[in-house]
Structures are given as structure tokens and as C-alpha cells.
């Protein structure tokens, strides 16, 4: 089904810079997310008929309720998307609207080309309306497509009271892209039986498995002396960092893994001879493998310290989130409903693990099972990001189908 305001809504949202900041200690981490919630989303939620629309300064969530139109026994369902965008330029986003007929797409005057040679997924979108970047920023479909889809679905339901449904809760949260958005999620305030994050990618994605995730921060303490007299005296902290990295499995990196394979990812390395620091993320799906990965990292550090006869490798290892499959597989109702709705809409459900995490990972372990629905974005987190309007429309269809089906 086509929805009159969906595209307009989406374009309005993405033009607002809501990039999160991993170095901030505020909640949300950027004021722009607060402003987006209070000056754009909150008035719109109230205007389309949501009730008890309120912003929670304690966690940065904007929450609203669509009252039930039926007194039949059914589940209270929630829909959640995040307001922040990823770590890429989000200032002066200028979307392009392209009626795609195949071939390359010039991204404004940036000199960058969105080409099916580099991104074969473009070939799935012949004849569709694509929204792309101008090559200078990301787009922000992750996850403003999800926000636009939820908002459009709620507007449709509010204007069609003949559609019977139970109470629906909507939540728009901060800081998902830096992994802390759901840390302070208020389960009592949201109060649903189960929920969906609308934060997935291509048409049909339906996900209830995520990585289990840990962060690993290492500090290497060296000893700097003049290199001309360094023999048996210098301890090069940068070399220690390299030695640590070389002892991790060479083929267990993001660029060499897929499917259910886990990895170690070195994403930051800096330092001098005197001191160096490296930062990793550790990811795996199975609990036993996740534990093995963490133990290996600790063992390497311990063995290096033993060989050096002092604690020159300092380890900070901490869990970030866990595979939500452990919670959701206890009651597959939200998956079964979404799968059935997609099939009725001639959408093939793509039930695959998320090689990442969503806010739903943490929310599920807080007591609200929260799988993930497709929102349409492709090539997310960079200048080659795009989304299909037709996929966004089908995401709205699925949301409407879920609340009517239950």
C-alpha cells in the first residue's frame, strides 16, 4: 500500500543531524537527539492521535500509546526505533530521490558513484523509488526509516478505528549506534507483552538472533630508552600490542567471517614506545564460543605478562549484550505472527542471525521479547546508503498486519 506522508516524513527526519557521540557521558549523548524527540517527534505523535506521549530524561526515550480499539483478549505490542545515526558525517544531509532503472547512480557532485558493480544489491531495485545520499554524508535510514514507518502505521491506525487491535506502545530511543541506547530502558513504563525493533535491512528480514558481544581494551606499558643503547633494556609498547594481536586467530576477523562465525575486531590502535592502547570488540553467537574467545584474550595477556615478568599488559574486558535467541525461543509468538503476516503479504521472510546487535538484545533480557523487523536500509553507515520507498511501504504493511493479526 502507498502512504501519502511516508516519504515526506522520512525526508524531514533524515535532514536533522542526530549523530550520537561515544565520548559523551550525557543521556542522550547529543542534544540534537533531545531536540529531535521534543520538537519534531513528540508534536507529531500527539497530532496523529497517540496518547500519554512523554519524554523520559532518565533514558532519552520518547514513548506514546495508541489506545485499543477492541476489548478482545490479545497482546499489548510495542514498536521501537532509534533516533541516532552512525559514526559518519551527518551534517547537511541532502537526500536524492531516484526512479531507478538500473545502472550507476551519481551521488550529487561528490564524484562518488553508487554502482551495481560494487553493490550488487542494487539489482534488486529496478523500477523502484530509491532515496540515496549526495555522496557527502550518510543517509540515516538506519534508523529513521524505522521511525517513519512506525509513525505512518500509527497514523493509519488512528484514522481507521475500524481496525481492531489491542493497546500499542511506541518508543523512540537514543544512542543505539554506540551500543548504550537500551541500557536504561524502562520496562515498567513501556509495559507490553512483546515488542519489535524496526531496525533491520532489506525486505523480509525477521531476526531474533544476535551476537553476544564484549569489549576488550588493552594497555601496554613499555620502557623507552635511546634506541642506540636499547639492547636488553627497551620494551616497546607498540611491539607488545603487535605481539598480542598476532596471537589471535588470523582468520577470525570481520572481513573473513560470515553466517554464524564469530570474530575479534581490532578497531583502534594508538601509542608510543612508552605506552600503547588497543581496542577490540569480541563477537560470537554460541555462549560456549563467546566464553572461549574472552578466555583466549585473557590467557594471551597473562602469558605475555608471565614472560615479561611484570604486568605490562593490562586488560579491561566487559560484556556489552547477549544473544536474544535465549529469551525469544522460549515463546516464538512474536516471530510466528510476523512470519505469517509477511507470507500473507507475499513477502518472503528472511530469518537469519543479525551479525550485530539491536536495542532488542538488551530489552529482551529485561523481560520484553523484542525481535527485529526490516526497515529497508541498504549499505548503512556510509555515503553509499540507500533505501527503497516501496520497501518502506511494505514495512508499514507488516506493522499494520501484526497488530491486526494478534
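Indices start at 1 and increase along the chain as displayed.
Glycine is no exception: its Cβ is also placed from the backbone N, Cα and C atoms.
Per Swiss-Prot, active site is recorded for 84, and the stated evidence type is sequence analysis. Annotation comment: Swiss-Prot describes 176 as active site, proton acceptor. What Swiss-Prot lists as Zn(2+) 1 binding site is 82, 142, 199, and the listing cites sequence analysis. Annotation comment: Swiss-Prot describes 142, 177, 381 as Zn(2+) 2 binding site.
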> Judged by the number of other CB atoms within 10 angstroms, which among 82, 381 is the least packed of the binding-site residues?
Replying inline: 381
> Just checking the recorded positions 82, 84, 381: which sit within 10 A of residue 176 (active site, proton acceptor), CA to CA?
Replying inline: 82, 84
> How many Å separate the Cα atoms of residue 84 (active site) and residue 177 (Zn(2+) 2 binding site)?
Replying inline: 7
>> Taking only C-alpha atoms and a 10 A limit, tell me which of 82, 142, 199 are near residue 177 (Zn(2+) 2 binding site). These are the binding-site residues.
In response: 82, 142
> Looking only at DSSP and grouping its letters into three states, which state does the residue listed as 'active site, proton acceptor' belong to?
Replying inline: helix
> Which are the residues of the chain, 142, 177, 381 excluded, whose CB is within 8 A of where the CB atoms of the Zn(2+) 2 site average out, their centroid?
Replying inline: 85, 86, 87, 88, 138, 143, 380
> Cβ-Cβ under 8 Å from residue 199 (Zn(2+) 1 binding site), same chain, 6 or more residues apart: which ones?
Replying inline: 80, 81, 82, 142, 143, 146, 176, 358, 359, 360, 372, 373, 375
> When you average the Cβ positions of 82, 142, 199 for the Zn(2+) 1 site, which other residues in that chain have a Cβ within 8 Å of that mean position?
Replying inline: 81, 143, 146, 176, 177, 197, 198, 358, 359, 375
> Hey, what's the Cβ neighbour count for residue 142 (Zn(2+) 1 binding site) at 10 Å?
Replying inline: 27
>> With every protein chain in view, what's the tally of Cβ atoms within 10 Å of the Cβ of residue 84 (active site), excluding that atom itself?
In response: 28
> What residue among the recorded positions 176, 177 has the most other CB atoms lying within 10 A of its CB?
Replying inline: 176
